[in-house]
Each structure stands twice: as structure tokens, then as C-alpha cells.
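Chemist: Pulled these from TrEMBL:
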- B:67: active site, proton acceptor (ACT_SITE)
- B:63, B:65, B:143, B:213: Zn(2+) 1 binding site (BINDING)
- B:67, B:68, B:213, B:271: Zn(2+) 2 binding site (BINDING)
- B:206-272: domain 'Metallo-beta-lactamase' (DOMAIN)
């Protein structure tokens, strides 16, 4: 299986604690690194996770609250000090560019690389990234300002060739790509060898959904159906459900309901309120609804 | 002795490492907290040092490089989330206000308290803070942009009363303040009791000098003569002296020379370049010139 991993750089919420950094994650898809949110200290945690800045080209910001983007200033400056030349793409809801550009210009007199902003409307699902093996699509959320999650979805990969059958029929090399993509093989004698005899299906494409910050929002279930890993915010415990609603956040129980309804394979909860010294209370509530739940934790790395 | 302590929140330089946070310190004078510089993550380190935000009213920024001020965004936002009402004073060279105010306004729609900027010209020593027991004066430095250090100086305190003598002469309570401040006592019979018989001198006022970032600058010695504690940057080791000069930084040896020439009682070095995995090389070089040197370190607390 090719690499598809999630690194947690920070999983606290807005108020700092001695236990957590504010929100930031790295999705590693075949050694391409994608950052989701960039709270204060994200670059320090990035280093601590032994990741390589040179592999990071895209940053996705869910919404313009400080605990999700204040780390951009330091990160962009550091990449400049390191003499980066590759473009850096920052995808976000509208408004970030106008805020950051004056800061970037003042604090980095001579930029060695370009920062390109891609601003989107967070109201509708939009595919904001695509490469050969992956798409990233926004997941509209409901928070106190325009906000969205992100769905990282692998593309269906070509079938695997059955080496023995290829040898047996002496299929020439130049035919292999067509066959991987489903074509039958016609021998020089005109015999048709069905594709199913030459290949076996590749693994199902995997997907990761990031949902933070948001009020409990069952309407997202449709879009994240069957994800392999769901990260959902669980800022509050059940007893603080009124506070969750008031501040447009989710409880651990509600996050677990979303995972269950979506048929997610695994759930990770995070964006913990500073009020919980021991987050096992959140874990316990979520596990009661969705057993395969785990707590996010700084420098944790899991396979999708 | 009343409290006069230095807390190191971060002592790295611009490039992040897994060992250090960027520059930030807290000076605690009789439980009033003063922040010097506010690199990314300063608020997290503040919490880790078990300090109280409510005791922090003044922040002094040495210069407008990101590794000395990017933490202000998060800190100011956090104080707002906590519902602070007291004014927060930010002292800095010119330019910070115009950069930060648009960010503060966007990220903190409703501020519960006022941030007041006090911008100064970093070229001349200026007293920028004074209270009953303390003054703070800028120390002009030479860096790649306007930059200064800060001299925290206790005021001379009133003499201590010798309780036995006061009792012996039956000095009335209302005379005590005058006597503490040096007056003689005249008995009802007209006898003059010399102040020296009634009091003993208070402790000498203590002082702390913070000098970072700067090229080796012997001209500061005059201003920091006899400080109890000198923090001086020592970004580089001797072998990198050309690089130090080129980037307007100081070597450990040079920092030690400043301490020795100034007759400082103690030296702490910091602002370490990311290139030194083991900073003992810096310590060794400094100790050869000025034995009472120590390395700065995150969450370290020393008495001035």
C-alpha cells in the first residue's frame, strides 16, 4: 500500500494549554505533504515530527480564526530563510490574502519563493486540488464564520498486472499501460485474452475527511460516506452540549454519531477545549456510540 | 529580597529547531510581569512556566523581526478570549502598530480590553517605563534594522529602620517614612538623633540588561556597567565569527567580552543559531573569558 498518513501537529482549541498546540495537521500522500490549518507553533511541531519542508507545497486553511492560521507567518518566513524556491500554495476561504500579504512583505523583504493564494467560497463543496492520485474537496461546515472541512480522496488506481499471465502470453511491454487500465489483450494470432485473466483489481481508493470547526451538522454525512478515517472536532463533552451549540462546536457524542451515520471506518477526535484536563471523558462518550475512536495527540501519526 | 527573576520562554533564533522556541522572556519584578520579545509560541511557554496572564501589562519588543514578535497575535487573542479588561501596553520600535492593528481588528471582532502601542526611536537610550520601584530604559543596538535592548533597573529603596533604636527613642509612627528616606530625628527635648543611628542602608538596587539582536557592540558597555545579570545574544561560535559580523550577530566570546568589560555579575547567553546541536561549544568559549556564564534554556528561571 502506498503511503497515506495523518500527522497531528496540534489538536487543542483556541485557548493555549500546556498539553496542546492549536490546530494543525499534515496529510502525507505518497510523500507529498499537505498541511491542514496552521495554528501557532505548527512549524515547530512539523520539525518535531521529522517531516521535510521541501515536500510541503499546499496548505489548506479551514477558516480564519487565529488558532487555525497564526502559524502561517512563522512558517512562510522560515521557508524564506531556508531559501525555498518552489511556489507555496495557500488555499483558504476569502480574506486571508489581504490580511497576510502586508505582513509577508514587511517581514520578508526579499522573498526567495512565491506564495500563491487560492481563495474559495466555503458554502459549496468545491474540488480545490487534484493530481494524478488525489483530489481534495471542501466540506461545507457551519461555524461562526465561513468554514469548511477537507476531503482527501485517492483516485481509483489502475489494476495490478498478474505477472505470470503476462509472461505466459508474452504480452509486449508497450501494451501494459492499456491493460492496467482495463483493456483486453489481443495476441498476434488474434486471440482475445480478457482483461480479468491478466489483472486483478487494485486496492480500493482510500479517503480522509477533516471536519473542524463546526456545530453538529448531520448534512455532511452524505459527502463523507464510507471514509477510511474521519477527523472530527469534539471540543466539548456531553454535559457542555449547550455551550457547544452556542459556540458552534460539536460534542464527542455528536462527532461519534457523524462517524456512525457516515459509516466511517475509524474516527479521530480533537480540537479539545482547554477545560478538560483529562480527555478520556470525551473518548468514553464517543466510544459508546462509535467504538473505533481515538483521541488526537501531538506528534501522533496514523495510517489512513 | 524582593522578587526579581528572569524566565526564559524561548532562546532560539529565527530558524525553528526541536530544541528551542524563538525569543521571549519574562522579567518578574515583585510579581509584576514584563515580557521581552514575543516569538511564536511565547504564550504556550508562558503557560508552561506557570505564570499568570493577569500580572502581565507591558511587553517590550526589541525589533521587528518575526522571531521576536510573531507570538503577539496569539497572545493578544488569548487575552481577549479570557475576557481581560486591563490595558496591555506594547512598547516597540516604530512600525509595529500599523502592522498589527489590522490583524487584531480582524481576528478579535470584539475586544474586551485595549492594546496600547508605545513606539520609540531605537537610536538613543530612552526611559520607556517607570513605576515606584523600577525603570526600563532602551539600550541602542546595531542589527539589520532598528533594534534595542532593555535595561531593567530597580530604584534605590528607602533605608531599613532599626527597630530597637526606634523603640529606644520612642519615635512616633508618623515620622517613620521621613526617617526611612534619610531624615534625622529630633526628640521632643530637641536632641538630634542622626539618621545613621536609626537606619541601615537598604540592599543595592539590582539591574538586568537584555541585549539581542546585535553585532558585537562595545559601546553598550558604558550603559550596562555593573549589571547583576546580563543576557547577551551569542548566536554563533568563534569559528563562525565572519557569519556573525555579516548577519549583525555576536559570538559567544564577544558576548563574554561585553560582560567582562561591563563588570556584569552574571552572564546568560542565548539566541542560539540552529546550527549548533550542542551549545556547550558556545558555553565553553564564553566561560574562557567570563567564568560566571550560563546557557539560556526554555522554562529556566533565575534570580537577578
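For all residues, glycine too, the Cβ spot is worked out from N, Cα and C.
Please go over these features one by one and say how buried each is and what sits next to it.
Modeler: Taking Cβ-Cβ distances under 8 Å and a sequence separation of 6 or more, the neighbours of residue B:67 (active site, proton acceptor) in its chain are B:12, B:13, B:14, B:22, B:23, B:39, B:40. In the three-state DSSP scheme, residue B:67 (active site, proton acceptor) falls into the helix class.
Remark: residue B:68 (Zn(2+) 2 binding site) has B:22, B:23, B:37, B:38, B:39, B:61, B:62, B:213 as non-local neighbours, by Cβ distance under 8 Å and separation of at least 6 in sequence.
DSSP places the residues of the domain 'Metallo-beta-lactamase' (B:206-272) in helix, strand and coil in these numbers: 23 helix, 18 strand, 26 coil.
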Chemist: Quick one: give me the count of other CB atoms within 10 A of the CB of residue B:65 (Zn(2+) 1 binding site).
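Modeler: Total other Cβ atoms inside 10 Å, all chains included: 22.
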Chemist: Using Cα coordinates, what distance in whole Å links residue B:65 (Zn(2+) 1 binding site) and residue B:271 (Zn(2+) 2 binding site)?
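Modeler: With the alpha carbons as reference points, the distance is 13 Å.
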Chemist: Among the binding-site residues B:63, B:65, B:143, B:213, which sit with their Cβ under 8 Å from a Cβ of chain A?
Modeler: B:65
Chemist: Return the residues near residue B:271 (Zn(2+) 2 binding site) by Cβ distance under 8 Å, restricted to its own chain and a separation of at least 6 in sequence.
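Modeler: In sequence order, B:11, B:12, B:13, B:23, B:212, B:213, B:233, B:234, B:235, B:249, B:296 meet the Cβ cut-off.
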Chemist: In this predicted model, what is the average pLDDT of the domain 'Metallo-beta-lactamase' (B:206-272)?
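Modeler: Here the mean pLDDT over the domain 'Metallo-beta-lactamase' (B:206-272) amounts to 98.
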Chemist: So around the Zn(2+) 1 site, B:63, B:65, B:143, B:213 aside, which residues have their CB within 8 A of the centroid of those CB atoms?
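Modeler: Sorted by sequence, the hits are B:62, B:64, B:68, B:141, B:144, B:145, B:147, B:212, B:214, B:248.
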Chemist: Using a 10 angstroms cut-off on Cβ to Cβ distances, just flag whichever of B:63, B:143 is the loneliest among these binding-site residues.
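Modeler: It is B:143 that, of the binding-site residues B:63, B:143, has the fewest other Cβ atoms within 10 Å.
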